[in-house]
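Presented below is the structure to which this report refers.
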Amino acid sequence: MNKKQGNTQKLAVLAVLTAIVIILQAAVVIPLGPFTVTLTMLPIIIGAIMYGPLGGAVLGTVFGAVVSIQVLTGAAGAFSTAMLEYQPAATILICLLKGIAAGLAAGAFFCLFRKVSFYFGVVMAAVIAPVVNTGIFSVGCLTIFRSLIQDALGTGSNLLLVFLTTFIGLNFLVEFGINVALTPVVMRIFRAVKLEPAKAAG
């Protein structure tokens, strides 16, 4: 495959992954607690593996933009609406930042750990993306939105523990499990049809 064909393939794959991100985030959500479980991290991780940190960041930006629109329109749920009313700019910033950072981290971890083995790099990318995504959201909630969280949970000294178990726990574990289980499967399919990560991705 020459350079022009490679660039065309890259744009086509990124376009498909972008469409999948939008569809999954907008239409395929599973209510769980005060938030929802989404499969959207999966195409972001795949893009990061295929095209490096930049590819992951591009897809993470799309994810963040869709989440921001959902928050602004009230489609993201009651607590997200409360966050928006409490700190509008910070809410949108967190929505964008967590997606971008998750994509960057997935690409960076794949590049780093594929030196051990290809699929070890794939698994590590699948591990770090939801950790970064949820981690940034959690830090934002426990700092900028701390008083809002306290009002919602009605707790004091053990706020961190209650927040993690009530707001984050099950959602994170489900999404984490989905990403770690499905990412290697998708990459095996990609490789079977001769879709390999770009050299820039590691």
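Along the chain as shown, the residues are counted starting at 1.
Cβ from N, Cα, C; glycine included.
A TrEMBL annotation is a machine prediction, not a hand-curated record.
Here TrEMBL flags 36-54 (among others) as transmembrane segment. Among residues of the same chain six or more beyond the transmembrane segment (36-54), those with a C-beta under 8 A of the stretch's C-beta atoms are 10, 13-14, 17, 20-21, 24-25, 28-30, 60, 63, 76-77, 99, 102-108, 110-111, 121-122, 125-126, 129-130, 133, 171, 174-175, 178-179, 182-183, 186-187, 190, 195, 197-198, 200-202.
Feature annotation from TrEMBL assigns transmembrane segment to 61-84 (among others).
Sequence annotations record features per position, and here TrEMBL assigns transmembrane segment to 90-113 (among others).
TrEMBL lists 120-145 (among others) with the feature transmembrane segment. If one looks beyond the transmembrane segment (120-145) by at least 6 residues along the same chain, the residues whose Cβ comes under 8 Å of a Cβ in the stretch are 41, 44-45, 48-49, 56, 83, 86-87, 90, 94, 97-99, 101-103, 105-107, 109-114, 159-160, 163-164, 167-168, 171-172, 175-176, 179-180, 183-184, 187, 202.
Annotation source TrEMBL lists transmembrane segment at 157-182 (among others).
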